[in-house]
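Asks: Here it is: the structure, laid out below.
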């Protein structure tokens, strides 16, 4: 919070924001519990249209919980989540998914026994396969590897290809906001680079808003317009990607050891 | 005699591999040749049976049997060709894992075999009563076999119905027999109380069973795996216990008897005037009803299969399969998992209900005895052994699991080996167990474990690399 208040022209304090412009995704004072254990201790966060926002933090900080809470599973016990001005806090997951938010969940979660083609069809089923052929071409241009493997079963793909498939599947519904949970998990550095450049392309060419949860602080902060740092259920720092990269605390906690 | 034929089979397999597709004409020719050889061989061996009556010797012609054996040899030969051709072709293909170019749908062995295998099975099923009539040489003599056919088809249908719930949607249901019971009692009660005909009761039984499917579905929506299995098991038992104890309605353990029999679209199968036989100018025979029942259950089973195959290609069917694969991913893709599970339970239960009302009309008697846990277990075993989600696998498993014990009953020649006290039927469960263990070792995912994609990209739909990016957002 401290950096944001002093340095950045994009302030993260709620009052300034609401006067500036309405965020596409607004998270306000969200508390999430697993039983009696509090996982998110009042999180405030904004994602504006056209931005790439990244959330970094150590294991168990609550990054994925925040991602899942946005999707209504588990639900926030306190606080509100708004999407395009609409309160989605209490909505069931599948209805949130139909509001042009797409998610590529942690651990890829593709359908292993279905073919790549069928996986993509599942992604397009929300809008009734309306633009299926076009969208298929589009993701195939983005991920030429998938095009080669359309008939293959999802489970036979390599880890990187599965991640590509998970992202491609999420894109099939033509989302405005794309939520990505650790797309670099367990992937070779070269593939990570590739995936991050695709995210950048999506953002720059198509104007897609991306919310990225990552462990890979260096890459994700370099890519993102803004970033948040989460520690044990609280947002402790926020600022532009560049600021966070230069911040000594961030460097000490997440970037030591080089890349 | 057979050795050169086999090599030709391998040769045709190789040549067709080079061409890239299966040479149907050559295969047909070869199969016809093989059938002809069989015919030649069977003339001295099979076509006449000698019967001794006193001092005289009679020759009994058995041309029906010869025809059937030739047909079987023809079919098997064709299947063998399809199989070897595919295997050779597959070997000649680079593994799809190393593919650097677009891999287009090459029909798998299963697909190719099924192109011939399925019409073959279907043909046998459709002509079964006629074949049996020819083999046994009379309507009354074929009674046992037609009865067995009906029994097997009932289980095929139940297996296909449960396959929707277990195989496609991945919801382990140990209480499927409850829906079978609901269907049977629906018909029994509606027909004995209100005098409704079978044709009205059949859809009603389906609807009622579907309703019960939903009733079961609601409380178990949040359960998966073991917990779901336990609750469904309990549900099956509850239904059975209600049937036993609600004596006012169901007549308890004594069951409901004298359930009206099915009519041929209004024509009863009776000897008198206005019955089926007299209307069509046939001599009355009780077997008419049996054969009618056979075709009825065949039609119902095929309906189940048809609906399932269609549903698999629709969004709801694909959602079932996706649900089986990964529930969280489903939800994040906007699939309403509640509705998806409920439709799976309801549609699976509906087919169970159809089968149940058929059971009631066939037996003319229902009692809670028929709907115990063992039935659920057998149906589930059929689905699991057949390969979850595979329609043809389920049919084969039903034939093996239901028809197998009947074959045991007829292995009387074993008595000459093991002594007269030997009853092979007593070893039924032992063989069952051995079979299950063997399955677990060799085919742990069922007889046909390969899942067919429900969509296959045609060449024309292939995406060329020159396509530019389209669409946005």
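One-based numbering along the chain as shown.
From the backbone N, Cα and C atoms, a Cβ is placed for every residue, glycine too.
Whatever TrEMBL says is automated annotation, not expert-curated.
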Asks: Name the residue range among B:91-109, B:148-166, B:262-280 that TrEMBL annotates as transmembrane segment.
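Replies: Transmembrane segment, as annotated by TrEMBL, spans B:148-166.
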Asks: Look up transmembrane segment in TrEMBL and report which of B:11-30, B:31-50, B:171-190 it refers to.
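Replies: Checking TrEMBL against the ranges B:11-30, B:31-50, B:171-190, the transmembrane segment one is B:171-190.
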Asks: Can you dig out which of the ranges B:342-361, B:422-441 TrEMBL describes as transmembrane segment?
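Replies: When B:342-361, B:422-441 are checked in TrEMBL, transmembrane segment belongs to B:342-361.
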Asks: Under TrEMBL, which of the candidate ranges B:292-311, B:312-331 is annotated transmembrane segment?
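Replies: Here TrEMBL associates transmembrane segment with the stretch B:292-311.
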Asks: Do any residues, 6 or more residues outside the transmembrane segment (B:148-166), come within under 8 Å Cβ-to-Cβ of it, and if so which ones?
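Replies: Contacts with the transmembrane segment (B:148-166): 125, 128-129, 132, 172-173, 176, 179-180, 290, 293-294, 297-298, 300-301, 304-305, 308, 311, 320, 344-345, 347-352, 354-355, 358-359, 362, 378-380, 382-384, 386, 388-391, 394-395, 397-399, 401-403, 406.
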Asks: Decide whether the stretches the transmembrane segment (B:171-190) and the transmembrane segment (B:116-136) have at least 3 CB pairs under 8 angstroms, with pairs required to be 6 or more apart in sequence.
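Replies: Contact absent: fewer than 3 Cβ pairs fall under 8 Å.
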